[in-house]
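Here is what Swiss-Prot says about this protein:
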type	residues	note
ACT_SITE	58	active site
């Protein structure tokens with residue numbers, strides 16, 4: 001993220017996310033997105049609670065938030081950033097998650113953690129977007145990946 005890049009949206013709350021993405025419980029995996037900047041970067045926020053449906057099976061004796069959920073949340077954060085960034089100039093209505101590259105899981109995420117999905121654009125070609133994401137808990141990277149998506153109308 002470029003600190004000098006102007007902020008376009010300081011806060012996209014859950015109500016705005018529900019208007020932007022088609023995802024709903026249990027697959028809506030971000031609570032808000034903050035600091036969407038003109039350079040197509042921003043931060044998704046997820047407050048992880050023990051009530052997450054995934055914890056029923058991952059793992060009952062030692063709950064660990066699934067890495068696949070973090071990757072999906074990165075894609076959702078990138079989708080919000082992409083749609084909000086072109087709002088008013090284009091009319092995308094759907095985001096399709098297409099690729100995952102360079103994915104690494106570094107530390108477990110536990111109930112009570114707050115995950116910050118730091119996403120920044122790697123580039124765009126017409127309706128295709130590529131983002132790099134770092135998932136962080138307390139400032140430490142717990143997962144990272146490059147994700148690709150397509151915005152369509």
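Note that Cβ sites are derived from N, Cα and C of the backbone, with glycine treated the same way.
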(Q) Check the DSSP secondary structure of the residue listed as 'active site', expressed as helix, strand or coil. (A) coil
Q) Which ones in the same chain are close to residue 58 (active site), with CB under 8 Å and 6+ residues apart in sequence? A) 64, 65, 66
